[in-house]
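Engineer: Below are the structure tokens for one structure; questions will follow.
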Amino acid sequence: MKSISISLFGLAILLTLSSTNAISEKDKAPANKQEILPSFWERLARERIQRTNTYYLKPTKPAKNVILFLGDGMGAPTISAGRFFKAEMEGRIGAANPMMDFEDWPFHTLCRTYDLHTEVTDSASSATAYLGGTKTTTGILGLTGDVKPKDCRVYKEEEKIDSVLKAAIRAGKGTGLVTTSRITHASPAGAFAHIAFRDWECDTDVAHDCGTKGNVPKDIARQLLEDNPDINVIIGGGSSMFYPTEANGQRSDGRYVADEWLQHMQSLGRNAKLVNDSHEFMKTNFTGVDYLLGLLAPSHMPYDADRDPHEASIANMTRVAIEILSRQPNGFFLFVEGARIDHAHHENLGK
């Protein structure tokens, strides 16, 4: 696995991106060979950071904690629409549009989102870029551009792209993932998964394209819980990816992957908790919990406009994550995604 180093700044970063469905092979332009290498993107990033550092005073010490907020699909038009809606809710129509809180931050930027083969990236290749620092092919998570989409095999270590979350773990920091999508969906999976197709979220998905015989890739759900036992907080939807069909899940292998995670955590003597219901989550006291797996919906979490007030919101989930991670003596890295903005755009839902 290509290793990356991280320098943690005293900033919470808001990223925006747009997504698109995967396109056919014939529509893809060939990737520049040097751009396939993670070292190319790391060199480019270091050069730009060094140049930017000449413009501003450097911080006297690195930040202890970093939170990366992602509004999936939240481009400039969506922010403008949000301002209009906020003004209407506050009875301020015709007055100056109220600004979003993050618009008062001291630094802002816009960035291009494209991958090795398309001008408009999808959530998988873009997550690999902003969480792993390397561009890859549409639909692929945590693998270099040498790997082809839907490549049904076990991947080599040199084909895997490291992530900021894994770098934070190596630095001795606590880590967490919060999302309103399935926790195995493309954006959060960019922090931990190495797989040639974003939709291979459980073994049933892998079998559909690769069969069940031979060295087929490990699905995203198993990668999350089996290969990344040191992530402290995992909260989102997608419980069906971790349970078999007999337990209202989608797995064909009969495995209760989430329950196996809890048993493994307990065998290590860790204070771990598994929560499988949004209402239960809201009632739970997380004092003393160091490892949390919250699978709060079978698929994606409900839109906030449709959410039962007794169900968890993204604010509730983030608050719990920070509560748990704040106990980490060396600080933490937390990824928080508002995933359903993008879904609403796809469904042409304006609110």
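Placed from the backbone N, Cα and C atoms, the Cβ positions cover glycine too.
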Engineer: Per TrEMBL, which of Glu323, Glu337 sits in the Mg(2+) site along with Asp72, His185, Ser187?
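Structural biologist: For the Mg(2+) site that includes Asp72, His185, Ser187, TrEMBL also lists Glu337.
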Engineer: If you draw a 10 Å sphere on the Cβ of Glu337 (Mg(2+) binding site), how many other Cβ atoms land inside?
Structural biologist: 28
Engineer: Using DSSP and collapsing to three states, where does Asp72 (Zn(2+) binding site) fall: helix, strand or coil?
Structural biologist: strand
Engineer: I'd like the Cβ neighbour count for His346 (Zn(2+) binding site), meaning other Cβ atoms within 10 Å of its Cβ, all protein chains included.
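Structural biologist: Step by step: centre on the Cβ of His346 (Zn(2+) binding site), count other Cβ atoms within 10 Å, giving 11.
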Engineer: Which one is it, among the binding-site residues Asp72, Ser187, Asp342, His346, that lies nearest to Ser123 (active site, phosphoserine intermediate) by Cα separation?
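Structural biologist: With Cα distances computed to Ser123 (active site, phosphoserine intermediate), the winner among Asp72, Ser187, Asp342, His346 is Ser187.
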Engineer: Of Asp72, Asp342, His346, which binding-site residues are close to Ser187 (Mg(2+) binding site), meaning a Cα within 10 Å of its Cα?
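Structural biologist: Near Ser187 (Mg(2+) binding site) by Cα: Asp72.
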